[in-house]
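Novice: Once you've had a glance at the structure underneath, I'll fire off some questions.
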Amino acid sequence: MALKVLLEQEKTFFTLLVLLGYLSCKVTCESGDCRQQEFRDRSGNCVPCNQCGPGMELSKECGFGYGEDAQCVTCRLHRFKEDWGFQKCKPCLDCAVVNRFQKANCSATSDAICGDCLPGFYRKTKLVGFQDMECVPCGDPPPPYEPHCASKVNLVKIASTASSPRDTALAAVICSALATVLLALLILCVIYCKRQFMEKKPSWSLRSQDIQYNGSELSCFDRPQLHEYAHRACCQCRRDSVQTCGPVRLLPSMCCEEACSPNPATLGCGVHSAASLQARNAGPAGEMVPTFFGSLTQSICGEFSDAWPLMQNPMGGDNISFCDSYPELTGEDIHSLNPELESSTSLDSNSSQDLVGGAVPVQSHSENFTAATDLSRYNNTLVESASTQDALTMRSQLDQESGAVIHPATQTSLQVRQRLGSL
């Protein structure tokens, strides 16, 4: 059984080989018998290809058994054919490419005819004596042996085409937009830089105004820092204290009057500083003084501030006008113009010196408090006697509330002050 199967497979394979050989032989015989310009017709015979006349060519390739249906057609554009034959049409010569004049145009039956070289070009001569078809530029300087390069060519300048109005308008719009954007950016940068500069810049003017107008609000312990300012600034302090300061701000204004006084070193503040309290406590009597008297100073200043509006002169504008009229006067000049002020000051100072050894700090506070009151009453020389009595009554009530004991020497000082008020 196996042998029979192998025999049948061999027969099938051999049959296929014979069939393939026959087909290949048939194809070879059909195409191989015809020559280059021959094609095989329907009967299987090789027939020569058709020849076309001038200006015509076959529509398809013909030869080696192919091109049975090829026909003659006219040459395509820019091509020509001068003779009969099997060849195809050739491309025409372009005289502009070779830099030469064109004498005749190209046609289907003839090629284009080129003339001499264009101005500024010449034809090179080969070694064998023939000239090239293409003309080359003369160059600078031109070769002397070429006649075509001897004369220069007059070139005509062609005017450039003017731009259209639409392009001009578009360019103007673009430039305007760019300029606007740049200007806006510049303005924003300036504003930003100015804000940054103002935020970082210290406000010296505001600080000076705060020192000038708010100086009366400082406590008496801070007044030594303000002695460096001039007499004119002190007058400004007195001028504005009545208008801008409330009842609480009127008590420290004595410090401003102290700066305006003829001799600031001798008068002092109505309430002593911490340094003066320590100096007095160093004496024999200071050893027995309780430590809470330091806080009593602030309470006296606070209680006296409530009563200070009652002691103000309703006609205090005269003193302000005096400062305004003579702002250039120094402390010594004002001292010389007011001899009564010297006597008042000397009386108060003598009375205070007599009480340094034997009086307690509470009595010294009342004494200095009386001296400051006398100074303010002298500056207001037109105070009526009724207002003086009211102020004295108010001061005595304040002293009683604070627990202070009025010393007999203090009463003497009060009598001196009453005499000055009656003047």
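Heads up, the Cβ atoms here are built off N, Cα and C, so glycines get one too.
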Novice: When you check Swiss-Prot, which of CYS114, CYS117, CYS149 turns out to share a disulphide bond with CYS135?
Specialist: CYS117
Novice: Using the record from Swiss-Prot, pick out the residue from CYS34, CYS62, CYS72 that is joined to CYS52 by a disulfide.
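Specialist: Between CYS52 and one of CYS34, CYS62, CYS72, Swiss-Prot records a disulfide, namely with CYS72.
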Novice: Can you tell which of CYS75, CYS95, CYS106 is bonded to CYS92 by a disulfide, based on Swiss-Prot?
Specialist: CYS106
Novice: I'd like the per-state residue tally for the repeat 'TNFR-Cys 2' (74-114) from DSSP, helix first, then strand, then coil.
Specialist: 0 helix, 13 strand, 28 coil
Novice: Give me the CA-CA distance between CYS106 (disulfide bond) and CYS135 (disulfide bond), in Å, as a whole number.
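Specialist: It is 20 Å, counting Cα to Cα.
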Novice: How big is the gap, in Å, between the Cα of CYS72 (disulfide bond) and that of CYS114 (disulfide bond), rounded to a whole number?
Specialist: 29
